[in-house]
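What TrEMBL says about this protein:
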- 18-324: domain 'AB hydrolase-1' (DOMAIN)
- Ser115: active site, nucleophile (ACT_SITE)
- Asp289: active site, charge relay system (ACT_SITE)
- His319: active site, charge relay system (ACT_SITE)
Amino acid sequence: MHRIPYGRDNNNEPGDKPVVFVMHGLWGSSVDFILMGPGSGLAYLLAEEGYDVWMGNARGNYYSRRHEWLRPDALLNTSFWDFSFHEIGHIDLPSMIDYTLEYTGKQRLHYIGFSQGTTSFFVMGSLRPEYNDKIISMHALAPVAYMAHTPSLLFRALAPFVTQIADVANLLRIGEIFSHNAFYTWAGQTLCTDEAVFQPVCSNILFLLSGYSPDQLNTTMLPVIFGHFPAGSSIRAFTHYLQGISQKGFRRYNFGLLRNQIIYGSISPPDYNLGNVTAPVFLYYSENDAVSGVLDVERLYNELPFAEKFLNADSTYGHIDYIYGINATSLVYDYVINTITSLENQNK
């Protein structure tokens with residue numbers, strides 16, 4: 001985890017401050033919330049507004065690769081990578097929240113998740129409902145639970161072959177996908193600069209993953225973005241999402257009939273019970289999001305006991321724009337921070 005305990009220009013003294021915990025998306029890291037710099041990065045903005053900001057890192061990314069006995073780079077044993085957003089939400093996220101609360105002496109905190117950072121929260125709230133009492137408010141940026149209507153042509157094309165993808169990866173002993181390495185840094189600094197003829201290729205890679213929104217992308221920042229993204233994750237985390245597309249549900253990982261029976265006691269993986277997520281949830285979504293479809297978010301909204309939804313005013317706003325968008329502050333962050341501040345004022 002990383003922390004910004006106070007602001008640089010405002011609220012720049014240590015002290016007793018409300019805690020906000022921020023969690024990144026698939027293939028991301030805590031850097032995503034500071035990458036755009038002071039005045040633009042969500043973590044910086046929160047710190048300037050007087051919050052004690054904690055940023056989590058999911059297992060398997062650049063900052064979370066240590067284990068007592070498993071090695072992420074082992075050639076034959078890929079056990080380190082036997083996880084998806086299920087383990088992150090069921091094990092890792094509760095541990096990070098507990099540590100944050102214990103360290104700060106607080107009883108509750110505000111939570112902001114982006115993409116997979118929302119998925120893991122819904123897993124936690126579903127399977128470990130006692131953690132809802134530790135959440136003052138949860139803000140889901142580009143929320144992902146159901147993916148039956150994802151607009152992503154790439155994900156929809158791969159979803160029918162999810163079993164084959166998992167089998168081939170297991171056969172070849174490949175546990176990780178899109179690890180952070182020197183190639184991405186080199187590509188960003190060489191191929192993605194304003195002077196590079198290949199810069200549109202770099203932009204289109206992000207658009208393919210998130211939705212076409214050129215007005216929100218500061219192309220000058222592409223070398224910085226690709227210097228930190230992707231940060232790595234497991235094949236299973238990716239295939240778990242693909243299963244959600246093909247199965248049209250929000251459920252635990254499908255290991256196949258036999259292993260499902262052994263692990264779950266049924267031939268099909270059980271659904272996550274979103275009715276257990278009793279923390280107040282605020283959903284921020286957009287029409288042009290290539291990952292989080294509007295119909296899927298509305299289904300999620302209808303199944304959460306205490307939820308509000310906010311459709312982005314910009315109809316071209318894409319998935320990745322929630323962390324890298326030029327107008328992220330005015331279109332998203334201001335609403336999030338104002339809501340958190342309003343709740344804090346009510347609790348005083």
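Yeah, the Cβs are placed from backbone N, Cα and C, and that goes for glycine too.
TrEMBL entries are annotated by machine, without manual review.
When the alpha carbons of His319 (active site, charge relay system) and Asp289 (active site, charge relay system) are compared, the span between them is 5 angstrom. Predicted-model confidence for the domain 'AB hydrolase-1' (18-324) is 94, expressed as mean pLDDT. Taking the Cα atom of each, Ser115 (active site, nucleophile) and Asp289 (active site, charge relay system) are about 11 angstrom apart. In sequence order, Ala142, Pro151, Ser210, Gly211, Tyr317, Gly318, His319 are the residues near Asp289 (active site, charge relay system), counting only same-chain partners six or more apart with C-beta under 8 A.
Packing around Ser115 (active site, nucleophile) is summarised by its Cβ count: 29 other Cβ atoms lie within 10 angstroms of its Cβ, all protein chains included. Ser115 (active site, nucleophile) falls outside any helix or strand according to DSSP and counts as coil.
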